[in-house]
Amino acid sequence: MRTLWIMAVLLVGVEGNLVQFETLIMKIAGRSGVWYYGSYGCYCGSGGQGRPQDASDRCCFVHDCCYGKVTDCDPKADVYTYSEENGVVVCGGDDPCKKQICEVRQGCGNLLPRHKDTYEHNILVFPAKTFAKKESEPC
């Protein structure tokens, strides 16, 4: 349990408000984003390079690309408002910046459950820097 707590504390600063994103993924996908996607493929988790390995990894690739287009706010720190309706993330709030962050995560949160059947356990903890030698796709 202590290891899990340490891991969570260390990861909070890696990809924005990870606790909030983890909660979103748990609600929508019904599984832990940290355990299932924290170091999955070439793009799920911190950083990324190479070609996405499957549909879930592509979702993370698109998520990373969209983060680069968020303007006038800090997607790595700002907290956004959302709700879940019938298994779909719905962004709320009046702050346009925070709404952009939510929409980036909304896309990924709504797509990951669709790819649960194609999740490849053999690319969990995929050493992207070693094996993803192909040039990265443009966003």
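Note that Cβ sites are derived from N, Cα and C of the backbone, with glycine treated the same way.
Per Swiss-Prot, Ca(2+) is bound by Gly45, Gly47; the candidate from Asp64, Asp72 named for the same site is Asp64. When Swiss-Prot is consulted, the disulfide partner of Cys60, picked from Cys42, Cys44, Cys91, turns out to be Cys44. The disulfide partner of Cys102, as annotated in Swiss-Prot and taken from the candidates Cys73, Cys91, Cys108, is Cys91.
Within 10 Å of the C-beta of Gly45 (Ca(2+) binding site) there are 20 other C-beta atoms, taking all protein chains into account. Nearest Cα neighbour of Cys139 (disulfide bond) among the listed disulfide-bonded residues (Cys44, Cys91, Cys97): Cys44.
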